[in-house]
């Protein structure tokens with residue numbers, strides 16, 4: 001990654017759930033590998049104020065707002081306790097001497113826009129995930145899926161407990177399809193593999209058809225071989241610059257004529273980290289999270305970093 005990016009810190013969002021503590025541990029270790037600051041945050045939504053045109057209902061609204069202010073005060077106090085506990089988890093997951101680089105903070109605002117705006121100024125935002133289609137907690141519910149669509153930088157989604165547990169030498173896996181976000185994913189994946197001292201598996205699944213669809217094409221064997229050679233050369237070209245920059249990383253190239261999601265899910269079962277672009281072939285900046293990225297995140301099989309190219313437009317509330 002660029003010098004500017006590697007000097008930026010990491011932010012982890014918490015909500016007090018067990019899987020958010022897992023995310024804190026992962027973020028603390030990643031921040032330590034990068035030797036950057038870690039910021040533990042919880043975002044508390046603001047108190048709702050009376051909209052215009054409610055004058056005749058204002059007295060009733062005042063009573064509701066009083067109750068909400070009391071509840072909001074409780075949520076703020078609870079948030080401080082959650083951040084304090086998460087801060088302790090981060091310290092325990094880090095080596096001695098890191099205390100000054102780990103801070104905690106309660107923020108006030110709409111959750112997704114707040115975290116998305118923070119993502120402009122940090123190397124990565126980290127959130128926890130329960131896996132198997134269930135996202136944990138109020139903060140980590142729709143927030144995870146919304147943030148990976150609106151963030152201005154990488155978002156790491158960490159499952160509570162990858163199944164089965166991965167050994168320290170498990171590889172990093174990256175999906176490469178030629179899109180701009182997969183190029184950013186390659187940069188992140190090489191950097192992570194280098195810092196972890198593990199191999200990198202680069203997957204290029206070059207078709208959107210499944211294996212059962214190909215017999216209908218009636219292609220000659222030489223046509224298949226030529227196409228496979230072309231795809232292998234394409235992957236080699238896209239990785240060559242990164243291999244020159246990270247000569248310590250052993251790269252295993254996997255080129256298959258298949259849909260990318262099933263192959264990434266297969267590789268994720270033995271990976272310690274999967275890196276994917278926020279959208280792939282045919283994608284464009286600002287579109288919803290791609291089907292491949294969504295499938296890998298939802299599987300909960302391994303921590304996933306979703307690479308997202310920064311966007312200029314304001315984040316919707």
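Cβ atoms are placed via backbone N, Cα and C, with glycine included.
Residues annotated as ATP 1 binding site in Swiss-Prot: 13, 128, 129, 130, 131, 132, 133, 134, 142, 143. Under the heading ATP 2 binding site, Swiss-Prot lists 175, 208, 277, 278, 279, 280, 281, 282, 283, 291, 292, 293.
A map of Swiss-Prot features onto the structure.
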residue : record             : DSSP (3 states)
13      : ATP 1 binding site : strand
129     : ATP 1 binding site : strand
175     : ATP 2 binding site : strand
277     : ATP 2 binding site : strand
292     : ATP 2 binding site : helix
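Cβ contacts within 10 Å of residue 175 (ATP 2 binding site), excluding its own Cβ and spanning all protein chains shown: 30.
Cα of residue 129 (ATP 1 binding site) to Cα of residue 175 (ATP 2 binding site): a span of 21 Å. Residue 175 (ATP 2 binding site) and residue 13 (ATP 1 binding site) have their C-alpha atoms 26 Å apart, to the nearest angstrom.
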